[in-house]
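Here's the structure, in structure tokens; my notes come after.
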């Protein structure tokens, strides 16, 4: 039997799949916000957007082991369940889903594989990461059947892949919400709590430099590769970071064809052993 742990704000506990279905069957305008906990203002934006557009909102908190290609990252991922539940209660979330690993992975993973053209950006450096993301969200959507799901723009490649996969398989629409940033322009992330003071400050400076680069590329796309090269050299030299990638990609298909097309500047780097990603 498939057991679940669902905490309602009234602290009503639902253990069975059938009970979950009964709880949400009258709420077909259900909005779903998947998270891994350590909630912040970025998650708040997703939740508020869901509440504005859906009758009820369900938030999941599940640190998914299959999307980590580094066991150390999984073990050290920030965990603040007590604070998260208090935060969600203040936001008046209708349902909070807290599954265990066994409850999610009670059956064998689906064979989800990225094609060659999709193995770019984070997929190039984090083997199996997006397959893990797609697998866990596939299970969530199959179980919950939300009308809409909300994701953050900071993880744009993830949003792009999830939207294509989920909308081709289910009746759930996947929506993206704008990135929320710290005062120093660093994108809000649960990983920010792992940064020391110096790394936090430097990451903010890096974000500002990347935003400036994006604006310069808009004015002169022909020389964008050279502009990226010089900034990579500057950042690596002055901020003691290891850059995995810094690339411009078409926002419609993530191709490198950005001439006369809308585009984003994507970055992933390590600073003080903490991996950060962003896009502008």
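Glycine is treated like the rest: Cβ placed from N, Cα and C.
Pulled from Swiss-Prot, these are the features on record:
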- 43: active site, proton donor (ACT_SITE)
- 36-43, 152-155, 180, 188-191: ATP binding site (BINDING)
- 67, 158: (R)-pantoate binding site (BINDING)
- 67: beta-alanine binding site (BINDING)
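Rounded to the nearest whole angstrom, the C-alpha distance between residue 180 (ATP binding site) and residue 158 ((R)-pantoate binding site) is 17. In this structure, the C-alpha atom of residue 190 (ATP binding site) lies 10 angstrom from that of residue 43 (active site, proton donor). In the three-state DSSP scheme, residue 42 (ATP binding site) is classed as helix.
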